Amino acid sequence: MDGDRVEIDGGIMEGGGQILRVSTALSCLLGLPLRVRRIRAGRSQPGLRPQHLSGLEIVRDLCDGKLNGGEIGSTEITFTPGKIKGGTHIADTKTAGSVCLLMQVAMPCVLFAASPSELRLKGGTNAEMAPQIDYTVMVFKPIVEKFNFTFNCDIKKRGYYPQGGGEVVVQMSPVKELSPINLTERGTVTKIYGRAFVAGALPIKLAKDMSAAAVRCIRKEIRDLYINIQPVREPDDQAVGTGSGIIIVAETSTGCLLAGSSLGKRGKNSDKVGIEAAEILLKNLKHGGTVDDSLQDQLIIFMALAKGVSRVKSGPITLHTQTAIHFAEQLTKAKFTVTKSEEEDPSNDTYIIECQGMGMINSNL
């Protein structure tokens with residue numbers, strides 16, 4: 001620490017934008033001044049990209065903080081948080097940078113604001129290397145709300161690579177504290193549903209092909225379940241640019257939601273897009289955990305902030321999750337343990353992520 005500034009090495013472990021998101025959100029919540037060095041050191045284009053900068057700027061604005069080094073390409077920033085306030089906040093990546101990643105950094109902060117917040121997030125809604133907005137609404141939202149808060153997510157416009165131009169409005173009210181979660185019982189899969197979408201210049205036939213290919217792939221493993229993957233064409237006035245993709249969700253008897261998703265791109269066969277999403281879903285169902293690989297790391301910051309002990313059963317721990325745990329422990333008093341789950345079925349590669357949360361209290365309420 002320099003004076004009382006927490007020093008973060010942004011180049012270790014996963015070494016990407018996630019380190020920035022977790023540490024800036026926690027810095028804002030805990031009132032800890034922060035310095036992050038070696039930002040995205042291992043990436044082909046190190047330093048801040050537009051969506052990382054937008055994420056930093058929205059957190060700065062949420063709490064009237066001070067940000068130094070906030071330029072595209074910068075590999076070091078310092079951040080001094082102020083007091084978190086509600087109200088309307090706008091973040092615009094001006095690219096196809098993911099609105100879901102902007103949501104990831106801002107959401108924990110506004111939960112502990114003094115009044116309700118509206119986040120107007122602009123950029124890509126269905127971007128590579130990030131959760132699709134459909135995933136955020138269909139899987140992340142219902143599960144994260146188990147921490148005892150709710151939010152509203154309104155997709156105003158979808159935006160695709162390369163220009164972005166999507167807009168999502170998130171509304172949420174602050175809470176006094178977060179409750180711990182216990183997601184350790186998988187149950188049995190009761191239904192499988194999803195949406196295959198096309199937008200812009202693409203014909204609905206591609207969505208139908210993605211859906212049909214995904215259903216055929218799942219049928220090989222799961223025969224007796226109705227699978228409903230809706231092919232849709234996004235209305236022209238609600239989509240910017242041309243894009244396609246698919247998300248498939250499996251719901252279980254205990255309320256778990258696991259998903260597989262994939263995006264189309266030029267030259268990629270639509271059957272392949274559907275099969276890719278189906279295979280990711282099947283892989284997530286195979287390990288026996290209650291959360292899929294994409295949700296695993298997104299729950300860590302909430303587990304760290306909650307009051308009491310949270311337990312989540314997952315498949316193999318991803319590097320993203322290990323990274324989130326490392327920085328959550330470095331910045332909060334939360335304590336995580338990861339143990340191999342004692343399974344009846346030894347072929348299941350499952351783990352219990354347990355966290356004694358720090359019990360963050362919203363002093364504004």
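The backbone N, Cα and C atoms fix where each Cβ goes, and this holds for glycine too.
Any TrEMBL annotation is an automated prediction that lacks curation.
If you look up TrEMBL, you'll see 13-338 marked as domain 'RNA 3'-terminal phosphate cyclase'. Residues annotated as ATP binding site in TrEMBL: Q104. Per TrEMBL, domain 'RNA 3'-terminal phosphate cyclase insert' is recorded for 184-285. Taken from TrEMBL, the feature active site, tele-AMP-histidine intermediate applies to H320.
Across the range of the domain 'RNA 3'-terminal phosphate cyclase insert' (184-285), the DSSP-based residue counts are 35 helix, 37 strand, 30 coil.
Counting every protein chain shown, the number of other Cβ atoms lying within 10 Å of the Cβ of H320 (active site, tele-AMP-histidine intermediate) is 20.
It is 14 Å from the Cα atom of the residue listed as 'active site, tele-AMP-histidine intermediate' to that of the residue listed as 'ATP binding site'. Of all the Cβ atoms in the protein chains shown, 23 others lie within 10 Å of the Cβ of the residue listed as 'ATP binding site'.
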